[in-house]
Amino acid sequence: MSVQSAIRRRTAPDIRARKNGDPIVMLTSYHAHTAALVDRHCDVILVGDSLGNVMHGFETTVPVTLDMMILQGRAVMRGSQQALVVVDMPFGSYEASKEQAFHSAARILKETLCGAVKLEGGVKMAETIAFLTARGVPVMGHVGLTPQSINTLGSFRAQGREEGTWRPIEDDARAVAEAGAFSMVIEAVAEPLARKITESVAIPTIGIGASPACDGQVLVLEDMLGLSPRAPKFVRRYGELGPMIEAAIEGYARDVRSRAFPGPEHVYAMKPKAS
């Protein structure tokens, strides 16, 4: 048995069992090489539709397609060995009907070999979540700020910060949990509300701009590494790789223009003639 085949990959039930346990660590990844790095330290790798912003320069996640998610999901699966890989269902791939959602989710699971899918929405998506889970599709929910709804929300603003706005978000979280999701992301929600939801639902909550009381946390990798020019309020920068990468590129360009690169150690000499 190879070393790789001996490593057990985490599953949705493993994450479900972490409710009120050790905090769940989740980061995004879209490439095999970053997945290999994230895999060593994280419980879950999210192949997020944020790849539309990070990789393709879209202003929102709305233009992301199912084929784009599958392509990057396959890359992340090849680069990782032990983390649960969750792939986002992009806008337009699941909202029309339960059947559409199952067809899209089945493609993701079959073509990437990932362990779960994630979809946005609460009460309105509960029936779809139940339909998927009943047919063998592990689902991670997503409530609070739902970026795919930007055209109806109008802006990426935190939710639940005004009096009288908690009830719909609580209803969404409860509906997701009762529908059979194994966990849920809570994004950009007032801290006391995120804490209350975490205490009230039976499945793990994973916060992003929510509360330290959540059962886990997630960030976009490029945000926390300092590769994004701007980052949301809820991001802590654990590195500033942007300036480091630019300095390396500047050095390369300088050496090429001055003919300092390639040096003798970077080129191939002729083989000696056979005697």
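Every residue gets a Cβ built from N, Cα and C, even glycine.
If you check Swiss-Prot, you get these features:
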- Asp49, Ser50, Asp88, Lys118: 3-methyl-2-oxobutanoate binding site (BINDING)
- Asp49, Asp88, Glu120: Mg(2+) binding site (BINDING)
- Glu187: active site, proton acceptor (ACT_SITE)
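Distribution of Swiss-Prot features across the structure.
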residue	record	CB count, 10 Å
Asp49	3-methyl-2-oxobutanoate binding site	28
Ser50	3-methyl-2-oxobutanoate binding site	20
Asp88	3-methyl-2-oxobutanoate binding site	27
Lys118	3-methyl-2-oxobutanoate binding site	23
Glu120	Mg(2+) binding site	26
Glu187	active site, proton acceptor	24
- [ ] Calculate the distance in Å between the alpha carbons (Cα) of Lys118 (3-methyl-2-oxobutanoate binding site) and the residue listed as 'active site, proton acceptor', and round it to a whole number.
- [x] 13
TODO: Could you state the whole-number distance in Å separating the C-alpha atoms of Ser50 (3-methyl-2-oxobutanoate binding site) and Glu120 (Mg(2+) binding site)?
DONE: 13
- [ ] Fill in the CA-CA distance, Glu120 (Mg(2+) binding site) to the residue listed as 'active site, proton acceptor', as an integer in Å.
- [x] 10
Task: DSSP state at Glu120 (Mg(2+) binding site), helix/strand/coil - done: coil
TODO: May I ask for the distance between Asp88 (3-methyl-2-oxobutanoate binding site) and Glu187 (active site, proton acceptor), taken between their Cα atoms and rounded to an integer number of Å?
DONE: 15
Open item on the list: What is the set of residues, excluding Asp49, Ser50, Asp88, Lys118, whose C-beta falls within 8 angstroms of the centroid of the C-beta atoms at the 3-methyl-2-oxobutanoate site?
Closed with: Thr28, Leu46, Val47, Gly48, Leu51, Thr61, Val64, Met69, Val87, Met89, Pro90
Open item on the list: Using DSSP and collapsing to three states, where does Asp88 (3-methyl-2-oxobutanoate binding site) fall: helix, strand or coil?
Closed with: strand
TODO: Using DSSP with the three-state reduction, classify Asp49 (3-methyl-2-oxobutanoate binding site) as helix, strand or coil.
DONE: coil
Open item on the list: Cα-Cα, whole number of Å: Glu187 (active site, proton acceptor) versus Asp49 (3-methyl-2-oxobutanoate binding site)?
Closed with: 14
TODO: Let me know the DSSP-derived helix, strand or coil state of Glu187 (active site, proton acceptor), please.
DONE: strand
